[in-house]
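Working notes, beginning with the structure itself.
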């Protein structure tokens, strides 16, 4: 390439730093293409080449079974961190680390044996941690110190001891006694309905208590789906069983009608159940109205757009309970007025149908949640526009935003970065005079390769820092986004 003359130097001084690099590379490409191509083509990237790769101290100690004192005598290289808020860190040459490992352990076979031994010790250590966690959980459960709270649930406080659950349990007992006394098929169905509500709330409380657990190594995205699993089990098992028993009892009443005893006590129990179920329904409606107002939505929009099935489950469960009591009381009233027990059997069939509808709703909503639903298109567009408006981003492709439950979102996208912006970001942090001096020293293809390898690696670090910056800003602007995966195109 030769030395720069004064005219060329004046031209370079008027150019932007990134344009200087592009011009130098273009000039070398046009004048020395065959030579550079020959040099790069002969390069073989095998095990010998990777020995010059860098390795951190933690990785050196883990992979080669060394101590920190073993690394003190090795050559140390300071590498610039790609993150602005992190200081430079120390790395070692892989070849030096491998040589030191052989010196410490004597042979590759001895190093392999030591690795296997440490892996076995690590496995036993992890098993002991899991065992101790289980013992601690059992200890807390035994003393009753397990507390469950969730800001996303309609209930607050200790869900396992909610008044609604206790009320449903008492309703089941009283309705069961009334059925034994009167033999009413509608009262039997209502008893099964209250039992299903009680078991459903217990399972829902269990699912919520598990869903708020912190993520671990085996479940990096947490346990938020546990509430959906518990509610799905409730829909498939409890409510389907209740609907089946109610239908069976109603059909048997139609085929073999039996006279019914005095229904006075049954009416009293249904009246008390209507008051308690109505009160819990009003509480649920008021809580949903407050949440809808906070989100700027109407009551209907909030219920239909809710991504937490527990909200709809509580509302539907209480509404079905009030409707079931009203239906049973109406059919029993017709039986009292006409003396025909068929109306009572029809009431049992109606309550069974109501339970079946609740079961179908639970199965549908929780299946949709477990399949991994996308968030609303408006929110996806908002997240995509944030990336597209960044100067370093040229285009965004294959965007996926999945609802993980508990108001948590996982966002994934393929990002096409603008290399010019990334290069300028790198040059802004460099000594331009030093780079110009390095350019003047380039006289051979080997010099050009070393120059490009040095700055190419640093530009890749800068690109990684840009990805980290975008992920951090995306989470700060959208707190519901907990996991961000940006793939570089």
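Residue numbering: from 1, along the chain as shown.
The backbone N, Cα and C atoms fix where each Cβ goes, and this holds for glycine too.
The transmembrane segment annotation in TrEMBL falls on one of the ranges 288-313, 314-339, 366-391, 392-417, namely 314-339. Annotated by TrEMBL as transmembrane segment, the relevant range among 228-249, 426-447, 448-469 is 228-249.
Stretch with the most C-beta contacts under 8 angstroms to the transmembrane segment (345-364), considering only 228-249, 264-285, 314-339: 228-249. With a threshold of 8 Å between CB atoms, the same-chain residues lying at least 6 positions outside the transmembrane segment (314-339) that come near it are 154-155, 168, 184, 186-187, 189-190, 193-194, 197, 200-201, 260, 263, 266-267, 270-271, 273-274, 277-278, 280-281, 284-285, 288, 303, 346-348, 350-351, 354-355, 357-358, 361.
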